[in-house]
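> Sharing a structure here in structure tokens format.
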């Protein structure tokens, strides 16, 4: 953990001129690993992720990607640096076809992206089947696949997912987690916020338990699952 | 024979004019709907943008005519059209730079932008009257008819004539070409797709690296082109008068809303719905009925449902009916 690929260190800040939501919060991901942020409602999980992505005013702390300080960069510039972000809601272009969604994901690329397109289709075969269908007509799980696929089109080195399994059935959730593991195996680091803490920690190399904008527990996913205090307070026994 | 005569009279006074008028409304409504979809406000200055584009086209047309340049049987205005489009594009881009960009940076609410666009409307309105004057202008030249009523009668031997004017034919053909080009652009090109993406989900479009200022600039240029073409076609068909263009705002908005704001396909459908309703409701059916009914039932009045003075009431009525029963418009648009 001496040299993480991405680290948001001692982040303190909030939205606009509002009160601070994060207090001295540190989140990091190593190359090709899955890091998961869990915690109770209102703990600032999504906020921590948005802070890493530059959607928050940080007045303390820094964000570094691959050793480079990106604290001052706008979210769009971070996309160009190799960060992919999948928002929790409204993460697809509903009126456009699946393929057009993926094309828009690759908008900043000037090279030929047909290879990446077929990689995404290999990862999510159902998307290839429905490539000419409007993304808004797909089921919840399929929409999430479109959203993840769109973010993968820039060939990011780090993929950030804000509750990718919100509102999908347990079977679809398992399937999505499998896909996310597959993405991580291809060398892409994953930072993920999850409501389904237990399942998410099972696949996590690293877990962060946030409470009221502060780091409460930080350990490997397995260790957190085994920790009696974490189990009692956050995993329902 | 009686039936054919009735049909020809109906075509001459209702179907052909309504198709031409519908094409003009559709082109106007497409501009309104694009602005609504991408810049997210109802642009009240659209009618006057049409007037400005048409005015530039007319001025260039006169200049061409004075130099003896013409298109033979076709109106010279078609040759001047690109200049009108360029003029209108410069005007709206300058307006955007000076006015709308300020409010965009402030993330002003749509209702504020609507009021702002009304201000822009008054300025453009004054600008057009200042340059070309408030009076009507004729600028159509070339062959007036493709088929004149008299020729049609001698050709078919019917007692009713079906006139097909050059301006009507040009309107319909141009509208088809422009709509086809627009849809090709929006659906097949990278820039067009980025415009649709921006309209669909602004935040995600920004996340994907789509440059909003570029999308906005493209939108204004396309809207200027659509407005100018609609304005010139309307002027060729019915004559140019600044005030009529201001009045056109109502049927154009009605078309865009009836079809579903933000939906280009809806704007076209809406244009024809409004045009056909307006023309059919204000047409005096006496002539047609005389052919169809036995002599004893012949109408003594004009059999006109509504005087043409009230034609704008038709747009209003349809607008209200659609908003009551299908608030998102006939096609799925954004909620108004």
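The backbone N, Cα and C atoms fix where each Cβ goes, glycine too.
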> Tell me which of B:77-96, B:137-156 corresponds to the transmembrane segment entry in TrEMBL.
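When B:77-96, B:137-156 are checked in TrEMBL, transmembrane segment belongs to B:77-96.
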> If TrEMBL is the reference, give me the range from B:248-276, B:277-305 marked as transmembrane segment.
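Matching range for transmembrane segment: B:248-276.
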> Which bits of the chain, at least 6 residues beyond where the transmembrane segment (B:6-39) starts or stops, bring a Cβ under 8 A of a Cβ in it?
46-47, 49-50, 100, 104, 113, 149, 152, 156, 158, 160-164, 167-168, 171-172, 174-176, 178-179, 182, 195, 198-199, 215-216, 219, 222-223, 226-227, 229-230, 233-234, 237, 248, 251-253, 255-256, 259, 261-264, 266-268, 270-272, 274-276, 278-280, 283, 287-289, 291-292, 333-334
> Among the recorded stretches B:51-71, B:77-96, B:162-186, B:215-236, B:248-276, which has the greatest number of Cβ pairs closer than 8 Å to the transmembrane segment (B:108-132)?
B:51-71
> Can you tell me which parts of the same chain pack against the transmembrane segment (B:162-186), counting only residues 6+ beyond its ends and a CB-CB cutoff under 8 A?
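Answer is 8, 11-12, 16-17, 19-20, 23-24, 26-27, 30, 73-75, 78, 140, 142-149, 152, 192-193, 195-196, 222, 225-226, 229, 233, 236-237, 264, 268.
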